[in-house]
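**Student:** Annotations for this protein, taken from TrEMBL, read as follows:
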REPEAT    79-113  repeat 'PPR'
REPEAT    160-194  repeat 'PPR'
REPEAT    293-327  repeat 'PPR'
Amino acid sequence: MSRGRGLLAPLFRAASTAARRRQPHSHHPRASPQALHALLLKSGRASRTHDATRLAVAYADSGRLPDARRVFDEALHKDLILWNAMVACYAAHGLALHAWAFVASMRRSGAPGLAGDGFTFSALLRPPRRAVDSVDDVEMLLRMGALAHGLVLRMGHLADVVVATALLDMYAKCGRVADARRVFDAMVVRNVVSWNAIVVCYGSHGEGKDAVGLFRRMLRDGRCCPDERTLASVLSSCANMAAANEATQVHAYAQKRGLQGFLQVANALIMAYGKNGFVREVARIFVMTDDPDVVTWSSLVSSYAYLGHSNDAVHVFERMLQQGVQPDGIAFLGVLSACSHAGLIGDGLHYFLMMTRAFHIDPSPQHLACLVDLLGRAGRIEEAYNVVVKLSCESNADIVGAFLGACKMRGNIELAKWAADKLLCLEPSEAVNYLLMSNAFAAAGDWNELAKIRSVMRNRCINKVPGCSWIEIGGTVRTFVSNDMVLHQSMEMQQMMELTVSEVQKECNEDTICKDPILI
């Protein structure tokens, strides 16, 4: 390595790091890509392949893609590393067509060694930094990924674990769970990243049982040890499907491996135990967590709200503010939900105004549904109506449903009819909406409207899904409906339920306010 290259290397690293972290370059006055470019031009090295590659990456990390492209065009010799750097730059910024154009130009050049390697395709398949939400973005990513999949198969790069994992992750991001699983099953070599990708894929698409099964398979395989990301994903799946037995087993494994100290594992444990009803475990995990972040606090607030411990949720939220932790939208949603369910009208309105005015957080539809419910409980139906109309919430079924419930509570039949019509237009096939409407009309004594709603419900909602409960037996979650005698061991379950109810009634006589000295 030449002396000049050795002196410039720290500047390249500083420029790229500062750009990725969105930091100013004042800490290193020569670390900006423009300053580095000027130095290279002055020294006559701007057209050298190695320096051009690092300069292009520095520009791309700063979001200056046209400048990165100009550096590429001015390079005298373009090797595979420089081509790959540009492909990665465009793909990372969500410009899939530009990335593919570079790959096509590189392959058409016919130069030796420019057919593309594993890094080319892994960069091409890497999801952009921004979230892929719109249908058009997903379809574009899927089309490009399918083309890359064909090239990977033809060139024999599927044996590369990095390429195969990128392909798997691309299918997962597009919601193609079956295709992601086929890629995973075809992999010759798997590392912890590929295992994590498939576990996260199943968990994020509501297939928690399969995610837990893959975790067990990973343990049996023994060639890769689960890391903190694996455990956090599996615990999230346990939370979503209320699998208490699996959650406790994963917790024991995390303790055995010493992974409970990782923040994302602790956060996932709080949510998993919260969704499974273990309120004491929730508090214990939080107390044992070193340096809890906003996700940890939000998980605790949401868990208490979910379990009906509204006073504890408010107490923890206030403690969070005292600790100087800035709450996010999820924390506010948890405390608003707690206030709504407990009828803490003043506190709920106070927190909503705090969220919008003090912390400048734009309310989501879930926040607005809580606000409408709070106003309805306070008897301020006209204000709730203004929220729905003036904030253009008529197109959101949750908000309109909350407003309909408020109208039912206060017996406002005229606004209840208005909300019912809106709800019918939004979701004409949802049986729960018809039940909301019929309950509102029944509470107001309008039996003619009730009969009409019931008639429409019978015609439109043929396959009404009955309400059900579930219980975990031997590691298997079983669902059942009211008075269901078909399920195996139903008598034993009823006896256990009676015992549980009696124990709960004993505990309900005790004060449920949080007494943990650390939280207080």
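Cβ atoms are placed via backbone N, Cα and C, with glycine included.
Could you tell me the structural context for the features on the list?
**Tutor:** Same-chain residues lying 6 or more positions outside the repeat 'PPR' (79-113) and placing a CB less than 8 Å from one of its CB atoms are 49, 52-53, 56-57, 60, 63, 65, 68-69, 72, 119-120, 123-126, 128-130, 137, 140-141, 144, 147.
Confidence in the repeat 'PPR' (160-194), given as mean pLDDT, stands at 89.
Tertiary neighbourhood of the repeat 'PPR' (293-327): same-chain residues 263-264, 266-267, 270-271, 273-275, 277, 279, 282-283, 286, 333-335, 337-339, 341-342, 344, 347, 351, 355, 359, 512-514, 519-520, selected by CB-CB distance under 8 Å and a gap of 6+ residues from either end.
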**Student:** Per DSSP, how many helix, strand and coil residues does the repeat 'PPR' (293-327) have?
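**Tutor:** Output for the repeat 'PPR' (293-327) reads 26 helix, 0 strand, 9 coil.
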